[in-house]
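Asks: Dumping what Swiss-Prot says about this protein:
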- H43: active site, proton acceptor (ACT_SITE)
- E70: active site, proton acceptor (ACT_SITE)
- H190: active site, proton donor (ACT_SITE)
- N7, R18, D191, G213, H214: 3-amino-2-oxopropyl phosphate binding site (BINDING)
- R45, H50, T100: 1-deoxy-D-xylulose 5-phosphate binding site (BINDING)
- E151: site 'Transition state stabilizer' (SITE)
Amino acid sequence: MTRLSVNINKIATIRNARGGNNPDLLKVALDCERFGAEGITIHPRPDERHIRYQDAYDLKKIVTTEFNIEGNPEGEFIALVENIKPDQVTLVPDAVNAITSNAGWDTITHQSFLTEIISNFKKAGIRVSVFVDPVTAMVEGAAKAGADRVELYTEPYATSFHSNKEAAIKEYIEAAAAAKSLGLGINAGHDLDLFNLNYLKKNIPFLDEVSIGHALICDALYYGLENTIQLYLRELKK
């Protein structure tokens, strides 16, 4: 079964736009779970422009499905994850000023760094996923560094899906097969939506988890949050 983890960063962005606590991030997280989401994902950044570090502590107290924290493993983020001990940490090499994640790790160049970080998180009992491009060598590097899972960066797939979905999925099938052969779990995320999700799942049937935020929240503006989550779950179960 492929789990749907809802990324609630966009909810925090809306909240922070006006100050105060509307929408209530914690209530939205609980409602996502109540509506069928099988996980909650957040991606705090150093400037706290959407998710605040305090949000992570507050969410840890109430999330009853899988809690996944994404981010660049530096300084305050490392301390945050070690203190909270989420079910999963996803290591993402995003720059401080990046609008959103735009590339996976070079797991060969950063092998020693990742090995140390992953070891420390695993000693704390946290499952570790490494965000990678769909390149077999990068998947192999993540396995060598000790990762439990890889998260395949799906923006290139989403961009090419409508023009040539067979070509768009090819390298993901290969990367996923490599991950499976190495004993890694497989997650996927970035620009997945109601149009391209089912094709990804059908071609990688052993996919463990997808984390979806931006498109899901955009769809919720039209369909409502409960209906939207059910629509995404339906795409994963077709």
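Cβ coordinates come from backbone N, Cα and C, glycine included.
Looking at the shown structure, can you explain where the listed features end up?
Replies: In the three-state DSSP scheme, H43 (active site, proton acceptor) falls into the coil class.
All protein chains shown were included, and the count of other CB atoms within 10 Å of the CB of E70 (active site, proton acceptor) stands at 26.
A sphere of 10 angstroms centred on the C-beta of H190 (active site, proton donor) encloses 25 other C-beta atoms.
In this structure, G213 (3-amino-2-oxopropyl phosphate binding site) belongs to neither helix nor strand by DSSP; it is coil.
The 10 Å shell around the Cβ of H50 (1-deoxy-D-xylulose 5-phosphate binding site) contains 22 further Cβ atoms across the protein chains shown.
In this view, E151 (site 'Transition state stabilizer') is surrounded by 29 other Cβ atoms within 10 Å of its Cβ, with every protein chain counted.
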Asks: With 3-amino-2-oxopropyl phosphate as the bound species and N7, R18, D191, G213, H214 as its recorded binding residues, calculate the greatest Cα-Cα distance and give it in Å as a whole number.
Replies: 26
Asks: If we check Cα distances from H214 (3-amino-2-oxopropyl phosphate binding site), which of the recorded positions H43, E151, H190 wins as closest?
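Replies: Result: the closest of the recorded positions to H214 (3-amino-2-oxopropyl phosphate binding site) is H190.
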Asks: Please give me the CB contact count at 10 A for H214 (3-amino-2-oxopropyl phosphate binding site), counting all chains in the structure.
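Replies: Excluding its own Cβ, the number within 10 Å is 16.
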Asks: Should N7 (3-amino-2-oxopropyl phosphate binding site) be counted as helix, strand, or coil on the basis of DSSP?
Replies: strand
Asks: Going by Cα-Cα distance, which of the recorded positions (H43, R45, H50) sits nearest to G213 (3-amino-2-oxopropyl phosphate binding site)?
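Replies: Minimum Cα distance from G213 (3-amino-2-oxopropyl phosphate binding site) across H43, R45, H50 lands on H43.
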Asks: Which site among R18, H43, R45 has the most other CB atoms no more than 10 Å from its CB, taking these as recorded positions?
Replies: H43
